[in-house]
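Here is what Swiss-Prot records for this protein:
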- Cys24, Cys27, Cys40, Cys43: Zn(2+) binding site (BINDING)
Amino acid sequence: MAKKSMIAKAARAPKFKVRGYTRCQICGRPHSVYKDFGICRVCLRKMANEGLIPGLKKASW
């Protein structure tokens, strides 16, 4: 889990636009966040395996 202070800092508008970054809405992870879902790869995989995201399933070939 991310620190509460870092999550609050990311929520504020940055002084310069290029300094903005995305965080996972569930765990607050700053890296590997999918913009389509708004969550990180770890949470996306967990939710997909539990069937919480409609239309998304684990690939097998």
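Just so you know, glycine gets a Cβ as well, placed from its N, Cα and C.
As the structure is a computational prediction, the values presented were derived from the model and not from experiment.
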Inset, instruction - Tell me whether Cys27 (Zn(2+) binding site) sits in a helix, a strand or coil according to DSSP. - result: coil
Legend entry - Neighbour tally for Cys43 (Zn(2+) binding site), based on other Cβ positions within 10 Å of its Cβ: 19
Inset, instruction - Return one of helix, strand or coil for Cys40 (Zn(2+) binding site), based on DSSP. - result: strand
Legend entry - Cβ neighbour count (within 10 Å, all chains shown) around Cys27 (Zn(2+) binding site): 14
